[in-house]
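Student: Below is the structure I would like to discuss, written out as structure tokens.
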Amino acid sequence: MVASENTAITVKMSDDEKALPKHPLRDTLVISFSFMAIYTSYLAIQNLQSSLNQEAGLGVTSLACLYGTILISGTMAPSFIRIVGAKRSLVIAWIIHTIYTASNFYPTWATLIPSSILLGGIAGPQWTSQGLYLSRSGDAYSRIINENIHSALSKLNGIFFTCYEATQITGNLISSLVLQQGSYDDSEDNVTKTCGADSCPIAANGTLIQEPDTHVVYILLGIFLVCDVVGICLTAFLLPKLITPKSQKQSLSKSVVSCCTTLVDKKMTLLIPLFMSQAMNQGLLLSEYTKAFISCSLGISMVGFIMACFGGSTAILALLIGRLAKYTGRYLLFTVASAIDMGMLLTLYFWEPQKDQLYLFFIIPTVWGISEAIFQAQFNSLISILFEEKMDSAFANYHTSKAFAFTTTFVCGVFLCLRTRIYIAIGLLSVGFLGYIGAEIIFSRTKLSKNRKDDNVPATTDEKTHL
């Protein structure tokens, strides 16, 4: 009788474990390097978009269209992944990334806007697939190394975001080294009136920043196309398919409903302002700091060198924080990250950039990279822990809320002065941090209540036998 019971238990465990990756560390490395190849291209282009395509605000408008489309794709991501699969979603995403890079060879409203919309449309499934891969790998890895799920997830997220943020180094260094080969004049000498927080869209008559030679841009984009092809090959040939547990498979309608119900979950509602704050701050750094501070004050060829510092600090800290999280816990990490973001926003608000303050141009993104590293890795771990039963919907809402913040940031950039947008960012960060505290309190109380309830449940006859 005991043998038959043990057999039943073994079969049940085997069914559950079938959905877990067999080689979690290997899968994490494959997905990390594929993202690294793709985002070496994408992030460098994004950093230069507002400076390269200034005419009629084409660059900023294309980014607004891109992130605006994510609002829809993020909501539909679980349904898309259910039909297509996580691996195929990533392969399709990389192909569209290649199309987006190619559209920058001839950036017009007829080429750049449609490719941006396509890229935004696949971004939701892309990032939700990434979150599912790492979450499942973290579950499997925690069993292998016999550590708690938060520790395992932090390690794997640390590996992924180290590679991901390293793209700010590779992509930006490539862009600056190539763009230096061009011949163009420096920016305006009088930087205090039109640059920095005083920068306003209505104050710029024509193009403020000198653009590089066309053939130099073509060389840069050709290199980025090669990176995109490498990313496609890594994912298509080396990444295994992700198996969805039977218990988590949903119909199309239930999948959409799950996204909506997760959105009104108290914990998610409280966390969304912080998700949006991190995205808005990143949007200000990648679009406005690169244009209103670096390009305006020092010239477009310096954007890559300076933003490489952001990628360097983020990549290094992502790896370290993945290991430190085991000892510090997430509460301290989120507090430090929020404090850094607030400090950087205040710095941008009060600082008047000058050419002889070159060191400050490098220090700001370097320090900001610390908070970026914490938020990127810890948000993924936080979602995996707080929304264990509905991770796909939670990740979809996470990326949708970030997309909304990105879209708002870029759209406001067409109408509002930078100083006003910094005001908004400071307010959102304050609300977001308070919301995070509230979400942690709710989670702790729910977990405590569940543990007490489990302690009060008497053991069954079978459980007593095995004890």
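Even glycines carry a Cβ here, placed using N, Cα and C.
Got these off TrEMBL a minute ago, pasting:
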| type | residues | note |
| --- | --- | --- |
| TRANSMEM | 28-45 | transmembrane segment |
| TRANSMEM | 57-77 | transmembrane segment |
| TRANSMEM | 216-239 | transmembrane segment |
| TRANSMEM | 292-319 | transmembrane segment |
| TRANSMEM | 331-351 | transmembrane segment |
| TRANSMEM | 357-375 | transmembrane segment |
| TRANSMEM | 396-416 | transmembrane segment |
| TRANSMEM | 422-443 | transmembrane segment |
Student: With pairs fewer than 6 apart in sequence excluded, do the transmembrane segment (57-77) and the transmembrane segment (396-416) have three or more C-beta pairs that lie under 8 Å?
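Tutor: Yes, these stretches are in contact.
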Student: Tell me whether the transmembrane segment (357-375) sits in contact with the transmembrane segment (422-443), defined here as at least 3 Cβ pairs under 8 Å among residues 6 or more apart in sequence.
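Tutor: Stretch pair does not touch.
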Student: Do any residues of this chain, six or more beyond the ends of the transmembrane segment (292-319), have a C-beta under 8 angstroms from a C-beta of it, and if so which?
Tutor: 44, 47-48, 51-52, 157-159, 161-177, 179-180, 182, 184, 186-188, 191, 194-197, 199, 208-212, 285-286, 348, 353-355, 358, 361-362, 365-370, 372-374, 376-377, 418
Student: Please report, as numbers and ranges, the same-chain residues at least 6 past the borders of the transmembrane segment (57-77) whose CB is under 8 Å from any CB of it.
Tutor: 46, 49-51, 107-109, 112-113, 116-117, 119-125, 127-128, 201, 256, 259, 287, 392, 395-397, 399-400, 402-404, 406-407, 410-411, 413-414
Student: For the transmembrane segment (216-239), which stretch among 28-45, 331-351, 422-443 has the most Cβ pairs under 8 A?
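Tutor: It is 28-45, which has the most Cβ pairs under 8 Å.
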